[in-house]
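**Q** Before we start, here is the structure in question, set down as structure tokens.
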Ligand code: FCB
């Protein structure tokens with residue numbers, strides 16, 4: 001067989017492999033002032049001039065709150081087994097404390113009914129960055145109390161919806177909430193304070209652990225599965241020079257191990273605490289916290305987009321590195337193709353990352369809960385959106401997944417980011433990640449060629 005035939009050979013996934021797409025509440029729902037929803041930090045941030053590159057807000061977003069039935073229809077057309085979406089804390093518990101807002105619960109019940117009718121199973125994220133503004137006003141994630149507020153919210157929602165939803169994750173990418181939200185200020189609430197970012201990271205993880213414990217205690221003997229989604233990178237030094245190797249150790253430590261180790265190994269890595277000792281002491285880590293954070297979980301969600309290659313560099317003054325304590329480390333482009341985000345594309349990075357998780361951490365079912373690419377998609381004269389580069393991206397990353405499975409990784413599912421183009425945080429509507437094109441003015445949804453390709457993959461469980 002020639003090499004090209006080899007590369008094109010059919011790649012099949014195990015029976016029962018989860019095929020999904022993922023979204024997040026603030027990026028799609030809109031209806032920000034309806035039925036009792038209160039502002040979140042993202043409403044405040046998006047309405048602050050200069051924070052969102054195209055001046056957009058999530059006020060309407062994809063109007064999913066009103067058009068959820070159409071969107072569930074799109075999911076059914078995709079043939080996905082699962083739909084990963086997040087619940088909006090400010091819709092369910094507008095002030096961040098107290099009883100649930102029934103109108104908010106009703107919205108998600110309508111969505112769950114629509115999914116059930118189409119045979120698509122829900123996969124829920126309790127927190128995808130939309131902290132109630134009321135809690136930010138009381139100190140936000142750098143304040144310890146927010147962890148307890150999150151756990152209370154999680155338990156209240158779980159008590160209400162545990163019989164409708166089997167798969168739960170507490171947080172999406174606490175790295176972003178902490179380091180972009182409070183470190184370099186690129187995300188809401190826009191704070192630039194490395195110490196606050198590290199405290200926020202700890203309180204997010206504490207909130208996760210408290211929530212896992214609380215949810216299990218509230219509904220004992222449930223078959224439901226509870227986990228967390230982390231955004232992770234394979235970090236590679238560009239040379240074997242000791243300074244570059246050391247730079248890679250630090251970046252891997254603060255970005256990956258600072259989250260993985262407390263959740264899966266029972267405590268923070270000593271080298272990482274030492275690396276950031278000039279930023280904060282550990283007085284905010286109370287006795288018992290690490291045990292709480294390590295509450296057993298049933299699955300790990302991994303979001304992967306791009307690899308990380310680094311070298312030791314010069315200290316940047318006033319730099320805005322989200323790598324806390326690493327603003328002397330440089331990211332080194334490798335000349336891989338780039339997405340419209342500017343992110344380098346290296347599918348093997350996902351393979352290396354998954355294998356590393358198997359080698360360095362205890363066995364645990366893993367799901368790729370986000371992977372996808374931004375492109376400048378346009379609707380052509382015939383009303384079609386051709387996005388062969390997105391098909392190639394997803395195809396190559398799925399091959400990397402299959403390779404990881406072959407090497408013993410317990411990978412059980414894959415979710416494309418995302419269903420429709422949506423409000424891409426500080427980039428507004430300028431970045432298109434969807435399998436379905438969105439005209440944000442008219443709200444017209446047009447499936448791209450990647451949608452029919454992915455539908456074939458999801459239906460057959462193999463790459464064509
Ligand atoms: C991830 C986020 C998701 C989306 C993608 C592109 O970091 O979880 O909401 O913005 O990036």
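All positions are counted from 1 along the displayed chain.
For all residues, glycine too, the Cβ spot is worked out from N, Cα and C.
Feature annotation from TrEMBL assigns substrate binding site to 27, 128, 172, 305, 417, 424, 425. Taken from TrEMBL, the feature active site, proton donor applies to 173. Per TrEMBL, the feature active site, nucleophile maps to 370.
Mind running through what each feature is packed against?
**A** Secondary structure at residue 305 (substrate binding site), taken from DSSP and collapsed to helix, strand or coil, is coil.
DSSP gives residue 173 (active site, proton donor) a coil state; it is part of no helix or strand.
Within its own chain, residue 370 (active site, nucleophile) has 22, 229, 231, 301, 303, 304, 305, 415, 417, 418 as residues 6 or more apart in sequence whose C-beta sits under 8 angstroms from its own. Classification of residue 370 (active site, nucleophile) by DSSP places it within a strand.
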**Q** Residues near the substrate site, 27, 128, 172, 305, 417, 424, 425 excluded, by Cβ within 8 Å of the Cβ center?
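**A** Counting only non-site residues, the set is 24, 173, 370, 418, 433.
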**Q** Should residue 128 (substrate binding site) be counted as helix, strand, or coil on the basis of DSSP?
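**A** DSSP assigns residue 128 (substrate binding site) to coil.
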**Q** Fill in the CA-CA distance, residue 424 (substrate binding site) to residue 173 (active site, proton donor), as an integer in Å.
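**A** So the alpha carbons of residue 424 (substrate binding site) and residue 173 (active site, proton donor) sit roughly 15 Å from each other.
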**Q** Give me the Cα-Cα distance between residue 128 (substrate binding site) and residue 173 (active site, proton donor), rounded to a whole Å.
**A** 8
**Q** Relative to the Cβ of residue 27 (substrate binding site), which residues of the same chain, six or more apart in sequence, are found under 8 Å away?
**A** 58, 61, 62, 418, 422, 423, 424, 425
**Q** With the cut-off set at 10 Å between Cβ atoms, which of these recorded positions ends up with the most neighbours? Options: 173, 424.
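**A** Highest number of other Cβ atoms within 10 Å: 173.
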**Q** List every residue in the same chain as residue 172 (substrate binding site), at least 6 positions away in sequence, whose Cβ is under 8 Å from its Cβ.
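**A** In sequence order, the residues whose Cβ lies under 8 Å from that of residue 172 (substrate binding site) (at least 6 apart) are 24, 86, 125, 127, 128, 129, 229, 301, 303, 369.
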